[in-house]
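**Student:** Submitted below is the structure of interest, expressed as structure tokens.
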Amino acid sequence: MDRCGAIFLCLCLLILQNAAAEPRKELRIMENMEAPRARSSFSFPGQLHQLEQMLLNTSFPGHNLTLQTATIQSLAFKLSCDFSGLSLTSAAVKQVPQARSQHAMQFPSELTRDACKTRPRELRLICIYFSNAHFFKDENNSSLLNNDVLGAQLSHGHVNNLRDPVNISFWHNQSLEGYTVTCVFWKEGASKQHWGAWSPEGCHTEQPSPFQVLCRCNHLTYFAVLMQLSPALVPAELLAPLTYISLVGCSISIVASLLTVLLHFHARKQSDSLTRIHMNLHASVLLLNITFLLSPTFAMSPVPGSACTALAAALHYALLSCLTWMAIEGFNLYLLLGRVYNIYIRRYVLKLCVLGWGAPALLVLLPLAVKSSVYGPCTIAVFDSWENGTGFQNVSICWVRSPVVHSVLVMGYGGLTSLFNLVVLAWALWTLRRLRARADAPSARACRDTVTVLGLTVLLGTTWALAFFSFGIFLLPQLFLFTILNSLYGSFLFLWFCSQRCRSEAEAKAKIEAFSSSQTTP
């Protein structure tokens, strides 16, 4: 009997030893993941998946297991089908040594509903916390709040489309005012150069206090908060009117540009180099308005990512073409006023077309060839204030995603063309005033001069310079002025085209009448 008891005791000790030694495999994997050689996009995903599978299948006494290394913390929980929810906070578990921030995850009771329908037995929930964002680097080298990444996974299938979302909270020791914060999840396989990319799909961002970000997500995966310095956010209550103004204004401009082009082809015999330059500007404005209206629709999830990338590149190309043709209008105005008797250039319009359409194409294709991810769905954070804090809505459009490309080929290019046209406009007004000063009755031409000034202002696109006043007290007026004036830019060009055509027809009619009267006079 004593021998049997000794054998039983040895078996128990052996079982306990194996059970205690088994988690060490996970620890070894976690330590290997922290090694510099494992931080590549090739070895880390395999080790992470191996760690997940071992945590989902490991056996341990009690209801939960906690493992941690310098920058990684892993937790495993045993769940049943009568699961009523689970709340985890960084204060309730032992902190990772290098962690300096607080976080929390709250899982709803709905979490195990689908899994219990198919396999009503014990389930396993694992949570993995990384305090080093180096493991999840994307193409844009995005900045993460506290460099924290929180992940969760349930055994027996993926968890998606939860009606009661998973709440993930992140705290920071300093105020986040002046930053755009966006809740995102790691979408594996969404990038060609890296093993994944950050995506805001299925997550809603709220900010209960200046020091806290609350993510409400309808699925389980690895979560983080993107940080972007943005002192000027668009209020949510202005989103609807600005969207309506853009929709109506761009639609009117599309119709006006189409009418202008049709009238041009109808009166083709009266076409000259100046009119053809105007028509190219109308064509670029037409393309810009069409691609802009399609951009939010193509950014939605059912549309393939390649389609959104192509539309974003087309929208950028249309904007650069429009800005280029505005600068060409300024250059042509300089030739008309400054070189009155010597403006002939061989194949002038053809050379301008190569510049107006070819140069923007080169500027778009060059970054697209280097890295296709510079174009795609671009998230715009819109804040909504209430009594207890601030919430954020994610508005997506197909646009330039690279901050460098946006700074150089959008703001920089637009700033140069706007500055050039403003200088040309000032010089043109000074020249016209000098010419009018020589006239006998300058007061009789005051109305015509006013129309000319307004027409030149529209023609040179100087209203686009309002984009550089989106700060401080100028933000709200700038948003409405920029949206109204530039969405209706095509219609303003149409009015300028009609006034110039009526003026040329009146001058032609006056010349014919003068010629007829001279023939009839004895």
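A Cβ is built for glycine as well, from the same backbone N, Cα and C atoms used for every other residue.
Annotations in TrEMBL come from automatic prediction, not curation.
Found this in TrEMBL, in case it helps:
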| type | residues | note |
| --- | --- | --- |
| SIGNAL | 1-21 | signal peptide |
| DOMAIN | 77-233 | domain 'GAIN-B' |
| DOMAIN | 242-501 | domain 'G-protein coupled receptors family 2 profile 2' |
| TRANSMEM | 244-265 | transmembrane segment |
| TRANSMEM | 277-294 | transmembrane segment |
| TRANSMEM | 314-337 | transmembrane segment |
| TRANSMEM | 349-370 | transmembrane segment |
| TRANSMEM | 410-430 | transmembrane segment |
| TRANSMEM | 451-473 | transmembrane segment |
| TRANSMEM | 479-499 | transmembrane segment |
**Student:** Over the span of the domain 'G-protein coupled receptors family 2 profile 2' (242-501), how high is the average pLDDT in this prediction?
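**Tutor:** Mean per-residue confidence for the domain 'G-protein coupled receptors family 2 profile 2' (242-501): 82 out of 100.
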**Student:** Under an 8 Å Cβ to Cβ limit, what residues of the same chain, 6 or more beyond the ends of the transmembrane segment (277-294), are close to it?
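**Tutor:** Distant Cβ neighbours of the transmembrane segment (277-294) are 246-247, 250-251, 253-254, 257-258, 260-261, 264, 311, 314-315, 318-319, 321-322, 324-326, 328-329, 332, 349, 352-353, 356-357, 398, 459, 487, 489-490, 493, 497.
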**Student:** Name the range, of those listed as 314-337, 410-430, 479-499, that has the largest tally of Cβ pairs under 8 Å with the transmembrane segment (244-265).
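**Tutor:** Ranking 314-337, 410-430, 479-499 by Cβ pairs under 8 Å to the transmembrane segment (244-265) puts 479-499 first.
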**Student:** Can you name the far-off residues of the same chain, 6+ from the ends of the transmembrane segment (410-430), with a Cβ under 8 Å from a Cβ of it?
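**Tutor:** Distant contacts of the transmembrane segment (410-430): 316, 319-320, 323-324, 326-327, 329-331, 333-334, 337, 363, 400, 453, 456-457, 460-462, 464-465, 467-468.
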**Student:** Hey, which bits of the same chain come close to the transmembrane segment (314-337), Cβ under 8 Å, at least six residues off its ends?
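**Tutor:** Distant contacts of the transmembrane segment (314-337): 274, 277-278, 280-281, 284-285, 287-288, 290-292, 295, 343, 352, 355-357, 359-361, 363-364, 375, 398-400, 409-410, 413-414, 417, 420-421, 424-425, 427-428, 431-432, 456, 459-461, 464.
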